[in-house]
Amino acid sequence: SGSCEVKTCWWAQPDFRAIGDYLKDKYDSASEMVVEKHRESRGWVETLRAKYALFKPPTERDLVYYENSPNFCEPNPETGSFGTRDRMCNVTSHGIDGCDLLCCGRGHNTRTEKRKEKCHCIL
């Protein structure tokens, strides 16, 4: 009588929240770059260089950018953004739906509604 052993190995995807937190950290610490053009024997070559020399240069695993994000507060047909003016916001939220962020420093109006409705209750 013989015995067999089966060994199975697989890669598991990390927790979605962990991935989001990791990407947010990378985004928050992204390095701004500038494009430099210089001539070499094979023609013009473009390279990226850190915009601010006082910061350490980014590694291969760091996130870099060379264009600023568009302003999503104001309407912009080029980017397809409708802006945030007249949008509903959540006064108690500190997230992306919060008035502080969504209103882009323009302030906000608070509206209180009082409704009287029949509840069709049977007692």
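From the backbone N, Cα and C atoms, a Cβ is placed for every residue, glycine too.
According to Swiss-Prot, the protein has these features:
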- C89-C104: disulfide bond (DISULFID)
- N90: N-linked glycosylation site (CARBOHYD)
- S1: O-palmitoleoyl serine (LIPID)
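Recorded features from Swiss-Prot, shown on the structure.
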{"residue": "C89", "record": "disulfide bond", "Cβ within 10 Å": "16"}
{"residue": "N90", "record": "N-linked glycosylation site", "Cβ within 10 Å": "12"}
{"residue": "C104", "record": "disulfide bond", "Cβ within 10 Å": "14"}
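In the three-state DSSP reading, C104 (disulfide bond) counts as coil.
Distance from the CA of N90 (N-linked glycosylation site) to the CA of C104 (disulfide bond) is 14 Å.
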